[in-house]
Amino acid sequence: QANGTLGRSRWLPLDPVDCVWSRWSEWTPCNSCTKIRHRSRSVEVFGQFGGKPCQGQPIGEQQRCTSDAVCEQALPSECSSIEFTCESGACIKLRLSCNGDYDCEDGSDEDCEPVRKPCGTKLYDTNEQGRTAGYGINILGMEPRINPFNNDYFNGMCNKVKNINNNEYNRLPWNVGLLNYETIAEETVSKEIYEDTYTLLRELMTETKLTVSAGLNLKFTPTEKSMAKSNTTVSGGVGLDAEYDRTQMIKEVSEYTTIKNKSFMRVNGRVQLSTYRMRSRDLQVAGEFLEHVKSLPLEYEKGQYFSFLEDYGTHYTRNGKSGGEHQLVYVLNQDTIKDKKLTERKLQDCIKVGISANFDTNIGIGGDAHIRPGHCKDTVNKNTAEKEGKALVDKVITVVRGGTLEAAVAMRTQITKEGLMDVKTYQNWARTVGDAPALLSSEPEPIQTLIPLSMPDANTRRLNMQRATQEYEAEYSVCKCKPCHNGGSLALLDGKCLCLCLPQFEGLACQDAKADNNKNTKTPVRVFLEKGNWSCWAAWSGCSGGKRIRTRSCNTQGLSDATCRGDIVTEDYC
(Lines of atoms letter the chains of each structure in order from A and count residues from 1; the text may use other names and numbers.)
(Lines give C-alpha, C1' and ligand atoms only; values in the text may rest on other atoms or scores of the structure.)
Protein backbone atom coordinates (compact mmCIF):
# COMPACT_ATOMS: atom_id res chain seq x y z
CA GLN A 1 0.00 0.00 0.00
CA ALA A 2 1.09 3.57 -0.60
CA ASN A 3 1.89 5.70 2.39
CA GLY A 4 -0.97 8.04 1.52
CA THR A 5 -2.22 9.89 -1.53
CA LEU A 6 -0.81 13.36 -1.08
CA GLY A 7 2.81 13.62 -2.13
CA ARG A 8 5.20 16.27 -0.97
CA SER A 9 6.87 18.20 -3.76
CA ARG A 10 9.79 19.12 -1.50
CA TRP A 11 11.67 17.14 1.08
CA LEU A 12 14.20 18.45 3.54
CA PRO A 13 17.46 19.52 1.86
CA LEU A 14 19.74 16.57 1.13
CA ASP A 15 23.18 16.50 2.68
CA PRO A 16 25.88 15.53 0.17
CA VAL A 17 27.41 12.14 0.93
CA ASP A 18 31.18 11.94 0.41
CA CYS A 19 33.13 8.80 -0.40
CA VAL A 20 34.33 6.95 2.71
CA TRP A 21 37.21 4.47 2.60
CA SER A 22 38.09 1.79 5.14
CA ARG A 23 41.49 1.75 6.81
CA TRP A 24 44.33 0.17 4.87
CA SER A 25 45.18 -3.43 5.68
CA GLU A 26 48.62 -4.24 7.07
CA TRP A 27 51.43 -4.40 4.52
CA THR A 28 52.20 -7.88 3.23
CA PRO A 29 55.71 -9.21 3.93
CA CYS A 30 58.28 -7.85 1.50
CA ASN A 31 58.59 -10.10 -1.55
CA SER A 32 62.22 -11.21 -1.58
CA CYS A 33 62.26 -11.44 -5.40
CA THR A 34 60.34 -8.34 -6.52
CA LYS A 35 61.22 -6.21 -3.45
CA ILE A 36 57.61 -5.00 -3.39
CA ARG A 37 54.94 -5.21 -0.68
CA HIS A 38 51.19 -4.74 -0.97
CA ARG A 39 48.17 -3.60 1.01
CA SER A 40 44.49 -3.00 0.23
CA ARG A 41 41.31 -1.36 1.48
CA SER A 42 37.58 -1.20 0.75
CA VAL A 43 34.93 1.39 -0.03
CA GLU A 44 32.55 1.77 2.91
CA VAL A 45 30.26 4.46 1.44
CA PHE A 46 30.08 5.69 -2.16
CA GLY A 47 29.60 9.36 -2.99
CA GLN A 48 26.00 10.48 -3.50
CA PHE A 49 23.69 13.52 -3.67
CA GLY A 50 26.45 15.76 -5.05
CA GLY A 51 29.10 14.53 -2.63
CA LYS A 52 32.65 13.50 -3.50
CA PRO A 53 32.64 10.24 -5.54
CA CYS A 54 35.03 7.33 -4.99
CA GLN A 55 36.61 7.90 -8.38
CA GLY A 56 40.14 7.24 -9.58
CA GLN A 57 41.40 5.83 -6.29
CA PRO A 58 42.72 2.24 -6.12
CA ILE A 59 41.68 -0.56 -3.81
CA GLY A 60 45.26 -1.88 -3.75
CA GLU A 61 48.60 -0.16 -3.25
CA GLN A 62 52.19 -1.30 -3.61
CA GLN A 63 55.48 0.00 -2.27
CA ARG A 64 59.17 -0.73 -2.75
CA CYS A 65 60.76 -2.49 0.20
CA THR A 66 63.92 -4.28 1.31
CA SER A 67 64.29 -7.89 2.36
CA ASP A 68 67.19 -9.97 3.64
CA ALA A 69 65.43 -13.19 2.66
CA VAL A 70 66.83 -15.19 -0.24
CA CYS A 71 64.76 -15.08 -3.43
CA GLU A 72 63.61 -18.62 -4.03
CA GLN A 73 62.09 -19.17 -7.44
CA ALA A 74 60.89 -22.49 -8.75
CA LEU A 75 63.09 -23.80 -11.54
CA PRO A 76 61.28 -24.11 -14.87
CA SER A 77 60.32 -27.66 -15.69
CA GLU A 78 62.54 -29.34 -18.25
CA CYS A 79 61.10 -30.10 -21.66
CA SER A 80 60.91 -33.73 -22.75
CA SER A 81 62.97 -35.30 -25.52
CA ILE A 82 60.10 -34.83 -27.99
CA GLU A 83 59.74 -31.12 -27.18
CA PHE A 84 61.60 -27.96 -28.15
CA THR A 85 62.72 -25.61 -25.37
CA CYS A 86 61.90 -21.97 -26.14
CA GLU A 87 64.26 -19.24 -25.00
CA SER A 88 61.59 -18.24 -22.47
CA GLY A 89 61.63 -21.76 -21.00
CA ALA A 90 58.29 -22.75 -22.52
CA CYS A 91 57.98 -26.14 -24.21
CA ILE A 92 56.46 -26.77 -27.63
CA LYS A 93 56.21 -29.89 -29.76
CA LEU A 94 59.47 -30.58 -31.55
CA ARG A 95 57.67 -30.82 -34.91
CA LEU A 96 56.65 -27.15 -34.58
CA SER A 97 60.21 -25.81 -34.75
CA CYS A 98 61.51 -24.55 -38.09
CA ASN A 99 58.04 -24.44 -39.69
CA GLY A 100 57.83 -20.68 -40.29
CA ASP A 101 55.36 -20.03 -37.43
CA TYR A 102 56.32 -18.37 -34.16
CA ASP A 103 55.04 -21.16 -31.94
CA CYS A 104 57.42 -19.88 -29.27
CA GLU A 105 56.12 -16.39 -28.63
CA ASP A 106 59.71 -15.12 -28.56
CA GLY A 107 60.39 -16.62 -32.02
CA SER A 108 63.30 -18.74 -30.78
CA ASP A 109 61.89 -21.81 -32.57
CA GLU A 110 62.50 -20.14 -35.92
CA ASP A 111 66.24 -19.44 -35.71
CA CYS A 112 66.56 -21.75 -38.69
CA GLU A 113 65.44 -22.18 -42.26
CA PRO A 114 61.78 -23.28 -42.46
CA VAL A 115 61.65 -26.83 -43.79
CA ARG A 116 57.96 -27.79 -43.54
CA LYS A 117 55.56 -24.88 -43.65
CA PRO A 118 51.99 -25.89 -42.69
CA CYS A 119 50.49 -23.92 -45.60
CA GLY A 120 53.21 -24.77 -48.11
CA THR A 121 54.13 -21.87 -50.36
CA LYS A 122 50.85 -20.02 -49.71
CA LEU A 123 50.78 -17.00 -47.40
CA TYR A 124 47.57 -16.39 -45.49
CA ASP A 125 46.91 -13.47 -43.18
CA THR A 126 45.16 -13.86 -39.85
CA ASN A 127 42.23 -11.47 -39.79
CA GLU A 128 41.34 -9.16 -36.92
CA GLN A 129 38.60 -11.49 -35.68
CA GLY A 130 41.15 -14.27 -35.27
CA ARG A 131 43.85 -12.11 -33.70
CA THR A 132 41.55 -10.73 -31.01
CA ALA A 133 39.36 -13.81 -30.40
CA GLY A 134 38.60 -14.54 -26.76
CA TYR A 135 38.29 -10.89 -25.71
CA GLY A 136 38.20 -10.45 -21.96
CA ILE A 137 34.94 -9.24 -20.40
CA ASN A 138 34.61 -7.34 -17.14
CA ILE A 139 31.50 -8.14 -15.11
CA LEU A 140 31.09 -4.41 -14.33
CA GLY A 141 31.26 -3.27 -17.98
CA MET A 142 34.88 -2.10 -18.20
CA GLU A 143 37.13 -2.85 -21.18
CA PRO A 144 39.96 -5.20 -20.06
CA ARG A 145 43.50 -4.18 -20.92
CA ILE A 146 45.18 -7.43 -22.09
CA ASN A 147 44.09 -10.43 -24.17
CA PRO A 148 44.80 -13.67 -22.27
CA PHE A 149 45.29 -15.72 -25.46
CA ASN A 150 48.21 -16.34 -27.79
CA ASN A 151 46.41 -16.11 -31.11
CA ASP A 152 49.65 -16.25 -33.10
CA TYR A 153 49.85 -19.97 -32.31
CA PHE A 154 48.68 -22.41 -35.01
CA ASN A 155 49.87 -25.80 -33.65
CA GLY A 156 51.25 -26.64 -37.09
CA MET A 157 47.79 -26.51 -38.67
CA CYS A 158 46.68 -24.63 -41.78
CA ASN A 159 43.00 -24.15 -41.10
CA LYS A 160 41.56 -21.37 -43.21
CA VAL A 161 38.24 -19.68 -43.92
CA LYS A 162 37.07 -17.54 -46.82
CA ASN A 163 36.41 -13.93 -45.88
CA ILE A 164 33.30 -12.97 -47.88
CA ASN A 165 34.08 -9.28 -47.37
CA ASN A 166 37.21 -9.38 -49.55
CA ASN A 167 37.02 -12.90 -51.09
CA GLU A 168 40.40 -13.80 -49.56
CA TYR A 169 41.25 -16.77 -47.38
CA ASN A 170 42.32 -16.10 -43.79
CA ARG A 171 44.24 -18.49 -41.59
CA LEU A 172 42.61 -19.42 -38.29
CA PRO A 173 44.63 -19.45 -35.05
CA TRP A 174 44.58 -22.73 -33.12
CA ASN A 175 42.39 -21.20 -30.39
CA VAL A 176 39.54 -20.47 -32.82
CA GLY A 177 37.53 -23.62 -33.38
CA LEU A 178 35.03 -22.06 -35.77
CA LEU A 179 34.67 -18.77 -37.65
CA ASN A 180 31.63 -18.11 -39.85
CA TYR A 181 31.09 -15.07 -42.05
CA GLU A 182 27.55 -13.81 -42.45
CA THR A 183 26.76 -10.15 -42.96
CA ILE A 184 23.62 -8.92 -41.21
CA ALA A 185 22.63 -5.26 -40.99
CA GLU A 186 19.83 -3.87 -38.86
CA GLU A 187 18.60 -0.56 -37.54
CA THR A 188 16.23 0.07 -34.64
CA VAL A 189 14.62 3.33 -33.63
CA SER A 190 13.01 3.71 -30.22
CA LYS A 191 9.25 3.28 -30.53
CA GLU A 192 8.52 6.12 -28.16
CA ILE A 193 10.08 9.26 -26.78
CA TYR A 194 11.83 8.83 -23.45
CA GLU A 195 10.19 11.53 -21.35
CA ASP A 196 12.82 11.37 -18.60
CA THR A 197 16.51 10.59 -18.24
CA TYR A 198 16.04 7.79 -15.75
CA THR A 199 14.20 5.36 -18.03
CA LEU A 200 16.82 5.78 -20.75
CA LEU A 201 19.71 5.52 -18.30
CA ARG A 202 18.30 2.35 -16.76
CA GLU A 203 18.00 0.81 -20.23
CA LEU A 204 21.54 1.77 -21.25
CA MET A 205 23.05 0.44 -18.03
CA THR A 206 21.13 -2.83 -18.20
CA GLU A 207 22.40 -3.42 -21.76
CA THR A 208 26.00 -2.73 -20.72
CA LYS A 209 26.27 -4.92 -17.65
CA LEU A 210 27.26 -8.57 -18.04
CA THR A 211 24.82 -9.62 -15.31
CA VAL A 212 22.03 -7.88 -13.44
CA SER A 213 22.17 -10.25 -10.47
CA ALA A 214 23.43 -7.58 -8.09
CA GLY A 215 21.76 -4.46 -9.44
CA LEU A 216 22.99 -1.72 -11.73
CA ASN A 217 26.58 -1.33 -10.59
CA LEU A 218 28.96 -0.28 -13.36
CA LYS A 219 32.65 0.59 -13.33
CA PHE A 220 34.16 1.92 -16.53
CA THR A 221 37.48 3.36 -15.39
CA PRO A 222 40.28 1.02 -14.25
CA THR A 223 41.78 2.07 -10.92
CA GLU A 224 44.23 -0.73 -10.19
CA LYS A 225 47.82 -0.63 -11.44
CA SER A 226 48.29 -2.84 -14.48
CA MET A 227 50.52 -5.89 -14.20
CA ALA A 228 51.68 -5.31 -17.79
CA LYS A 229 54.75 -3.32 -18.70
CA SER A 230 52.67 -1.25 -21.14
CA ASN A 231 48.94 -0.54 -20.88
CA THR A 232 47.62 -1.72 -24.25
CA THR A 233 43.92 -2.39 -24.61
CA VAL A 234 43.08 -5.37 -26.78
CA SER A 235 39.53 -5.07 -28.07
CA GLY A 236 39.09 -4.19 -31.72
CA GLY A 237 37.73 -1.07 -33.33
CA VAL A 238 36.92 2.44 -32.28
CA GLY A 239 35.09 1.21 -29.18
CA LEU A 240 38.36 1.76 -27.32
CA ASP A 241 38.38 5.51 -27.82
CA ALA A 242 36.80 7.15 -24.78
CA GLU A 243 35.11 9.76 -26.96
CA TYR A 244 33.15 7.09 -28.81
CA ASP A 245 32.71 4.50 -26.11
CA ARG A 246 29.30 3.45 -24.84
CA THR A 247 30.53 4.13 -21.32
CA GLN A 248 30.93 7.77 -22.30
CA MET A 249 27.35 7.79 -23.56
CA ILE A 250 26.07 6.63 -20.18
CA LYS A 251 28.12 9.30 -18.43
CA GLU A 252 26.80 12.01 -20.74
CA VAL A 253 23.19 10.89 -20.38
CA SER A 254 23.57 10.81 -16.58
CA GLU A 255 24.50 14.51 -16.66
CA TYR A 256 20.95 15.29 -17.84
CA THR A 257 19.34 13.91 -14.65
CA THR A 258 19.28 17.42 -13.17
CA ILE A 259 18.23 19.23 -16.38
CA LYS A 260 14.52 19.75 -17.03
CA ASN A 261 12.39 19.80 -20.20
CA LYS A 262 14.51 17.26 -22.08
CA SER A 263 13.32 14.16 -23.90
CA PHE A 264 15.29 11.49 -25.74
CA MET A 265 15.11 9.16 -28.73
CA ARG A 266 17.50 6.34 -29.63
CA VAL A 267 18.77 5.00 -32.95
CA ASN A 268 20.86 1.83 -32.97
CA GLY A 269 22.55 0.51 -36.09
CA ARG A 270 24.49 -2.74 -36.27
CA VAL A 271 26.52 -4.55 -38.93
CA GLN A 272 27.36 -8.11 -37.89
CA LEU A 273 30.14 -9.65 -39.99
CA SER A 274 31.04 -12.91 -38.31
CA THR A 275 30.55 -15.32 -35.42
CA TYR A 276 33.30 -17.33 -33.80
CA ARG A 277 33.68 -20.09 -31.23
CA MET A 278 36.78 -20.85 -29.19
CA ARG A 279 38.03 -24.41 -28.83
CA SER A 280 36.57 -26.31 -25.91
CA ARG A 281 39.96 -27.73 -24.84
CA ASP A 282 43.72 -27.23 -25.20
CA LEU A 283 43.43 -23.43 -25.49
CA GLN A 284 46.79 -21.70 -25.87
CA VAL A 285 47.09 -18.81 -23.42
CA ALA A 286 49.78 -16.15 -23.70
CA GLY A 287 53.06 -16.55 -21.85
CA GLU A 288 52.50 -13.17 -20.20
CA PHE A 289 49.16 -14.42 -18.84
CA LEU A 290 50.89 -17.42 -17.25
CA GLU A 291 53.61 -15.24 -15.74
CA HIS A 292 51.03 -12.90 -14.24
CA VAL A 293 49.10 -15.85 -12.77
CA LYS A 294 52.32 -17.22 -11.23
CA SER A 295 53.12 -13.82 -9.72
CA LEU A 296 49.85 -13.75 -7.77
CA PRO A 297 50.29 -14.73 -4.11
CA LEU A 298 48.93 -18.06 -2.92
CA GLU A 299 47.84 -16.28 0.24
CA TYR A 300 44.97 -14.17 -1.11
CA GLU A 301 45.62 -10.41 -1.34
CA LYS A 302 42.68 -8.46 -2.72
CA GLY A 303 44.50 -5.60 -4.44
CA GLN A 304 46.80 -7.85 -6.48
CA TYR A 305 43.96 -10.05 -7.68
CA PHE A 306 41.84 -6.99 -8.55
CA SER A 307 44.72 -5.73 -10.73
CA PHE A 308 44.68 -9.04 -12.60
CA LEU A 309 40.91 -8.85 -13.14
CA GLU A 310 41.10 -5.29 -14.50
CA ASP A 311 43.86 -6.41 -16.88
CA TYR A 312 42.29 -9.61 -18.23
CA GLY A 313 38.62 -9.33 -17.27
CA THR A 314 36.53 -11.41 -14.92
CA HIS A 315 35.57 -13.64 -17.88
CA TYR A 316 36.75 -14.44 -21.39
CA THR A 317 34.63 -14.81 -24.52
CA ARG A 318 33.85 -18.43 -25.39
CA ASN A 319 31.58 -17.52 -28.33
CA GLY A 320 31.25 -14.10 -29.91
CA LYS A 321 29.77 -12.00 -32.70
CA SER A 322 31.96 -9.38 -34.36
CA GLY A 323 31.18 -6.34 -36.47
CA GLY A 324 30.34 -2.70 -35.91
CA GLU A 325 27.59 -0.69 -34.31
CA HIS A 326 26.60 2.89 -33.75
CA GLN A 327 24.26 4.23 -31.12
CA LEU A 328 22.74 7.69 -31.23
CA VAL A 329 20.82 9.37 -28.44
CA TYR A 330 18.97 12.50 -29.55
CA VAL A 331 18.52 15.02 -26.73
CA LEU A 332 15.25 16.78 -27.60
CA ASN A 333 13.64 19.98 -26.39
CA GLN A 334 10.21 19.11 -24.95
CA ASP A 335 8.84 22.61 -25.56
CA THR A 336 9.70 22.42 -29.27
CA ILE A 337 8.06 18.99 -29.58
CA LYS A 338 4.84 20.45 -28.17
CA ASP A 339 5.01 23.66 -30.24
CA LYS A 340 5.49 21.75 -33.51
CA LYS A 341 2.99 19.04 -32.51
CA LEU A 342 5.49 16.33 -33.41
CA THR A 343 4.58 12.67 -33.05
CA GLU A 344 6.87 9.72 -32.38
CA ARG A 345 6.32 8.52 -35.97
CA LYS A 346 7.41 11.84 -37.47
CA LEU A 347 10.57 11.87 -35.37
CA GLN A 348 11.37 8.25 -36.23
CA ASP A 349 11.12 8.95 -39.95
CA CYS A 350 13.51 11.86 -39.60
CA ILE A 351 16.29 10.40 -37.50
CA LYS A 352 16.66 6.88 -38.91
CA VAL A 353 19.18 6.23 -41.67
CA GLY A 354 17.29 3.43 -43.39
CA ILE A 355 19.62 0.44 -43.40
CA SER A 356 18.33 -2.38 -45.55
CA ALA A 357 18.93 -6.04 -44.79
CA ASN A 358 20.60 -6.36 -48.21
CA PHE A 359 23.95 -5.12 -47.03
CA ASP A 360 27.36 -5.57 -48.59
CA THR A 361 30.43 -3.99 -46.98
CA ASN A 362 32.14 -3.71 -50.36
CA ILE A 363 29.47 -1.55 -51.96
CA GLY A 364 27.53 -0.20 -49.00
CA ILE A 365 23.78 -0.42 -48.62
CA GLY A 366 21.90 -2.35 -51.25
CA GLY A 367 18.61 -1.18 -52.73
CA ASP A 368 17.08 2.22 -52.33
CA ALA A 369 18.17 4.37 -49.44
CA HIS A 370 15.60 5.66 -46.99
CA ILE A 371 14.26 9.04 -48.12
CA ARG A 372 13.36 11.38 -45.29
CA PRO A 373 10.06 13.28 -45.48
CA GLY A 374 10.19 16.95 -46.44
CA HIS A 375 9.35 18.21 -42.96
CA CYS A 376 12.56 16.73 -41.54
CA LYS A 377 14.84 19.52 -42.72
CA ASP A 378 13.03 22.07 -40.62
CA THR A 379 12.27 19.64 -37.82
CA VAL A 380 15.63 18.07 -37.02
CA ASN A 381 18.33 19.91 -38.98
CA LYS A 382 20.35 21.77 -36.38
CA ASN A 383 21.44 24.67 -38.58
CA THR A 384 17.90 25.49 -39.76
CA ALA A 385 16.40 25.13 -36.31
CA GLU A 386 19.03 27.25 -34.58
CA LYS A 387 18.51 30.11 -37.05
CA GLU A 388 14.82 30.08 -36.22
CA GLY A 389 15.56 29.84 -32.51
CA LYS A 390 13.48 26.67 -32.24
CA ALA A 391 16.13 23.98 -31.95
CA LEU A 392 14.52 20.59 -31.47
CA VAL A 393 17.79 18.69 -31.13
CA ASP A 394 19.97 20.09 -28.36
CA LYS A 395 22.63 17.43 -28.80
CA VAL A 396 23.28 14.05 -30.35
CA ILE A 397 25.30 11.71 -28.12
CA THR A 398 27.16 9.27 -30.35
CA VAL A 399 28.80 5.89 -29.79
CA VAL A 400 30.71 4.16 -32.58
CA ARG A 401 32.19 0.70 -32.09
CA GLY A 402 34.12 -1.02 -34.86
CA GLY A 403 35.51 0.49 -38.04
CA THR A 404 38.48 2.78 -38.45
CA LEU A 405 38.97 5.90 -36.38
CA GLU A 406 38.90 8.12 -39.49
CA ALA A 407 35.51 6.78 -40.58
CA ALA A 408 34.09 7.09 -37.08
CA VAL A 409 35.27 10.70 -36.79
CA ALA A 410 33.59 11.50 -40.12
CA MET A 411 30.36 9.94 -38.88
CA ARG A 412 30.45 11.89 -35.62
CA THR A 413 31.29 15.15 -37.42
CA GLN A 414 28.35 14.72 -39.80
CA ILE A 415 25.93 14.11 -36.93
CA THR A 416 27.29 16.98 -34.82
CA LYS A 417 27.06 19.40 -37.74
CA GLU A 418 23.71 18.42 -39.26
CA GLY A 419 21.92 16.60 -36.45
CA LEU A 420 21.41 13.69 -38.87
CA MET A 421 23.54 10.98 -40.46
CA ASP A 422 23.39 10.51 -44.21
CA VAL A 423 23.63 7.22 -46.07
CA LYS A 424 27.00 7.97 -47.68
CA THR A 425 28.69 8.64 -44.34
CA TYR A 426 27.20 5.43 -42.99
CA GLN A 427 28.40 3.44 -46.01
CA ASN A 428 31.95 4.81 -45.69
CA TRP A 429 32.08 3.72 -42.05
CA ALA A 430 30.52 0.30 -42.72
CA ARG A 431 33.16 -0.52 -45.35
CA THR A 432 35.89 -0.21 -42.70
CA VAL A 433 34.25 -2.48 -40.12
CA GLY A 434 35.93 -5.58 -41.55
CA ASP A 435 39.36 -3.97 -40.97
CA ALA A 436 38.66 -3.23 -37.30
CA PRO A 437 35.69 -5.19 -35.96
CA ALA A 438 34.43 -4.89 -32.40
CA LEU A 439 32.90 -7.53 -30.18
CA LEU A 440 29.12 -7.09 -30.38
CA SER A 441 27.92 -9.90 -28.13
CA SER A 442 29.50 -12.77 -26.28
CA GLU A 443 29.06 -15.88 -24.16
CA PRO A 444 31.27 -15.49 -21.08
CA GLU A 445 33.36 -18.09 -19.27
CA PRO A 446 35.10 -17.43 -15.90
CA ILE A 447 38.69 -16.28 -16.35
CA GLN A 448 40.03 -18.72 -13.73
CA THR A 449 39.19 -21.66 -16.00
CA LEU A 450 42.14 -20.59 -18.20
CA ILE A 451 44.65 -21.36 -15.42
CA PRO A 452 46.23 -24.67 -16.53
CA LEU A 453 45.70 -27.51 -14.07
CA SER A 454 49.31 -28.51 -14.74
CA MET A 455 50.52 -25.27 -13.11
CA PRO A 456 51.80 -25.68 -9.52
CA ASP A 457 49.08 -24.82 -6.98
CA ALA A 458 46.56 -24.41 -9.81
CA ASN A 459 43.54 -25.22 -7.63
CA THR A 460 44.53 -22.64 -5.00
CA ARG A 461 44.99 -19.99 -7.69
CA ARG A 462 41.64 -20.85 -9.28
CA LEU A 463 39.83 -20.61 -5.95
CA ASN A 464 41.54 -17.29 -5.20
CA MET A 465 40.49 -15.96 -8.61
CA GLN A 466 36.91 -17.08 -8.07
CA ARG A 467 36.90 -15.34 -4.68
CA ALA A 468 38.39 -12.19 -6.23
CA THR A 469 35.64 -12.06 -8.88
CA GLN A 470 32.95 -12.34 -6.20
CA GLU A 471 34.61 -9.69 -4.03
CA TYR A 472 35.20 -7.42 -7.03
CA GLU A 473 31.49 -7.27 -7.84
CA ALA A 474 30.63 -6.93 -4.14
CA GLU A 475 33.14 -4.08 -3.74
CA TYR A 476 31.34 -1.96 -6.32
CA SER A 477 27.79 -2.56 -5.14
CA VAL A 478 24.75 -0.34 -4.57
CA CYS A 479 24.58 -1.78 -1.04
CA LYS A 480 27.03 1.02 -0.16
CA CYS A 481 24.55 3.72 -1.27
CA LYS A 482 21.80 5.59 0.60
CA PRO A 483 18.21 4.69 -0.41
CA CYS A 484 16.21 6.78 -2.89
CA HIS A 485 12.80 8.37 -2.20
CA ASN A 486 9.46 7.69 -3.89
CA GLY A 487 10.29 4.25 -5.24
CA GLY A 488 13.45 5.34 -7.07
CA SER A 489 16.03 2.69 -8.01
CA LEU A 490 19.72 2.85 -7.17
CA ALA A 491 22.56 2.64 -9.68
CA LEU A 492 26.31 2.91 -9.17
CA LEU A 493 28.32 4.57 -11.92
CA ASP A 494 32.10 4.86 -11.56
CA GLY A 495 32.08 5.38 -7.80
CA LYS A 496 28.99 7.60 -7.65
CA CYS A 497 25.51 6.53 -6.51
CA LEU A 498 22.60 7.66 -8.70
CA CYS A 499 18.85 7.52 -8.10
CA LEU A 500 16.81 6.50 -11.16
CA CYS A 501 13.40 8.04 -10.55
CA LEU A 502 9.92 7.01 -11.55
CA PRO A 503 8.48 9.33 -14.25
CA GLN A 504 6.48 11.37 -11.70
CA PHE A 505 9.52 12.40 -9.64
CA GLU A 506 12.88 14.09 -10.00
CA GLY A 507 15.81 15.32 -7.91
CA LEU A 508 19.06 13.75 -6.72
CA ALA A 509 17.08 11.42 -4.42
CA CYS A 510 13.79 11.46 -6.42
CA GLN A 511 12.53 13.62 -3.55
CA ASP A 512 10.64 16.15 -5.70
CA ALA A 513 7.33 15.65 -7.50
CA LYS A 514 7.57 17.01 -11.04
CA ALA A 515 6.05 20.44 -11.49
CA ASP A 516 3.57 19.17 -14.12
CA ASN A 517 2.10 16.81 -11.53
CA ASN A 518 1.27 19.68 -9.17
CA LYS A 519 -0.43 22.05 -11.62
CA ASN A 520 -3.83 20.62 -10.85
CA THR A 521 -4.09 20.73 -7.07
CA LYS A 522 -7.35 18.75 -7.19
CA THR A 523 -5.35 15.72 -8.32
CA PRO A 524 -2.95 14.93 -5.49
CA VAL A 525 0.36 13.28 -6.28
CA ARG A 526 0.41 9.65 -5.25
CA VAL A 527 3.28 8.64 -2.99
CA PHE A 528 4.72 5.34 -4.14
CA LEU A 529 5.79 2.58 -1.81
CA GLU A 530 9.15 3.55 -0.38
CA LYS A 531 11.96 1.12 -1.12
CA GLY A 532 14.74 0.62 1.38
CA ASN A 533 18.20 -0.43 0.27
CA TRP A 534 19.80 -3.65 1.42
CA SER A 535 23.07 -3.34 3.30
CA CYS A 536 26.01 -5.41 2.11
CA TRP A 537 26.09 -9.01 3.24
CA ALA A 538 27.93 -9.67 6.48
CA ALA A 539 30.77 -12.20 6.54
CA TRP A 540 29.88 -15.88 6.47
CA SER A 541 29.47 -17.61 9.81
CA GLY A 542 31.57 -20.60 10.79
CA CYS A 543 30.68 -23.96 9.29
CA SER A 544 28.20 -25.90 11.41
CA GLY A 545 26.48 -29.10 10.39
CA GLY A 546 27.75 -28.70 6.84
CA LYS A 547 26.16 -25.25 6.45
CA ARG A 548 27.09 -21.62 6.98
CA ILE A 549 24.94 -18.47 7.00
CA ARG A 550 25.27 -14.73 6.44
CA THR A 551 22.90 -11.84 7.08
CA ARG A 552 22.09 -8.32 5.90
CA SER A 553 19.80 -5.50 7.02
CA CYS A 554 17.38 -3.08 5.34
CA ASN A 555 18.61 0.52 5.20
CA THR A 556 15.62 2.91 5.42
CA GLN A 557 17.51 6.06 6.37
CA GLY A 558 15.37 9.16 5.68
CA LEU A 559 12.32 7.15 4.59
CA SER A 560 8.98 6.44 6.24
CA ASP A 561 7.52 2.92 6.34
CA ALA A 562 10.06 1.65 3.81
CA THR A 563 10.74 -2.04 3.27
CA CYS A 564 13.20 -4.20 1.32
CA ARG A 565 12.17 -7.15 -0.82
CA GLY A 566 14.24 -10.29 -0.38
CA ASP A 567 15.81 -12.45 2.30
CA ILE A 568 17.61 -11.23 5.42
CA VAL A 569 19.48 -14.53 5.79
CA THR A 570 21.06 -16.83 3.20
CA GLU A 571 22.82 -20.14 3.71
CA ASP A 572 25.38 -22.17 1.82
CA TYR A 573 26.91 -25.62 2.07
CA CYS A 574 30.40 -25.88 3.49
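Yeah, the Cβs are placed from backbone N, Cα and C, and that goes for glycine too.
Note that this is a predicted model, so its numbers are computed, not measured.
Per Swiss-Prot, N-linked glycosylation site is recorded for Asn3 (among others), and the stated evidence type is sequence analysis.
Annotation source Swiss-Prot lists domain 'TSP type-1 1' at 18-72, citing sequence analysis.
Look at Swiss-Prot and you will find Cys19-Cys54 (among others) tagged as disulfide bond. Long-range neighbours of Cys19 (disulfide bond) (same chain, six or more residues apart, CB within less than 8 Å of its CB): Val43, Val45, Phe46, Gly47, Gly51, Lys52, Pro53, Cys54, Gln55, Gln57, Gly495.
The disulfide bond feature in Swiss-Prot is assigned to Cys30-Cys65 (among others). For Cys30 (disulfide bond), the count of additional Cβ atoms within 10 Å of its Cβ stands at 18 [all protein chains shown].
In the three-state DSSP assignment, the secondary structure recorded for Cys33 (disulfide bond) is coil. Positions annotated as disulfide bond by Swiss-Prot: Cys33-Cys71 (among others).
As a summary of secondary structure, the domain 'LDL-receptor class A' (77-117) carries 6 helix, 6 strand, 29 coil according to DSSP. Residues annotated as domain 'LDL-receptor class A' in Swiss-Prot: 77-117.
Positions annotated as disulfide bond by Swiss-Prot, on the basis of similarity to another entry: Cys79-Cys91 (among others).
Marked as disulfide bond by Swiss-Prot: Cys86-Cys104 (among others).
The feature disulfide bond is assigned by Swiss-Prot to Cys98-Cys112 (among others), with similarity to another entry given as support. Residues within less than 8 Å, Cβ to Cβ, of Cys112 (disulfide bond) and separated from it by at least 6 positions along the same chain comprise Ser97, Cys98.
Confidence across the domain 'MACPF' (115-480), taken as the mean pLDDT and rounded to a whole number, stands at 82. Residues annotated as domain 'MACPF' in Swiss-Prot: 115-480.
A simple way to gauge crowding: the CB of Cys158 (disulfide bond) has 14 other CB atoms within 10 angstroms, across all the protein chains here. If you look up Swiss-Prot, you'll see Cys119-Cys158 (among others) marked as disulfide bond.
The transmembrane segment annotation in Swiss-Prot covers 212-219 (among others).
Residues or ranges marked as N-linked glycosylation site by Swiss-Prot on the basis of sequence analysis: Asn231 (among others).
Among the features that Swiss-Prot reports, transmembrane segment is placed at 235-242 (among others).
Counting every protein chain shown, the number of other Cβ atoms lying within 10 Å of the Cβ of Asn261 (N-linked glycosylation site) is 12. Annotated N-linked glycosylation site per Swiss-Prot: Asn261 (among others), in sequence order.
Annotated transmembrane segment per Swiss-Prot: 344-351 (among others), in sequence order, evidence recorded as similarity to another entry.
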Completion exercise
CB neighbours within 10 A of Cys499 (disulfide bond), counting all protein chains shown, number 25
Problem - Secondary structure content, the domain 'TSP type-1 2' (531-572) (per DSSP, counts of residues) - result: 0 helix, 16 strand, 26 coil
Fill in the blank from the handout: One residue among the disulfide-bonded residues Cys33, Cys79, Cys91, Cys484, Cys501 has the fewest other C-beta atoms within 10 A of its C-beta, namely Cys33
Problem - Around the Cβ of Cys497 (disulfide bond), the count of other Cβ atoms that are within 10 Å - result: 28
Completion exercise
Within 10 A of the CB of Cys71 (disulfide bond), the number of other CB atoms across every chain shown is 10
Completion exercise
Rounded Cα distance in angstrom between Asn533 (N-linked glycosylation site) and Cys104 (disulfide bond) is 53
Completion exercise
Students should find that the Cα atoms of Cys350 (disulfide bond) and Cys65 (disulfide bond) sit apart, in Å rounded to an integer, by 63
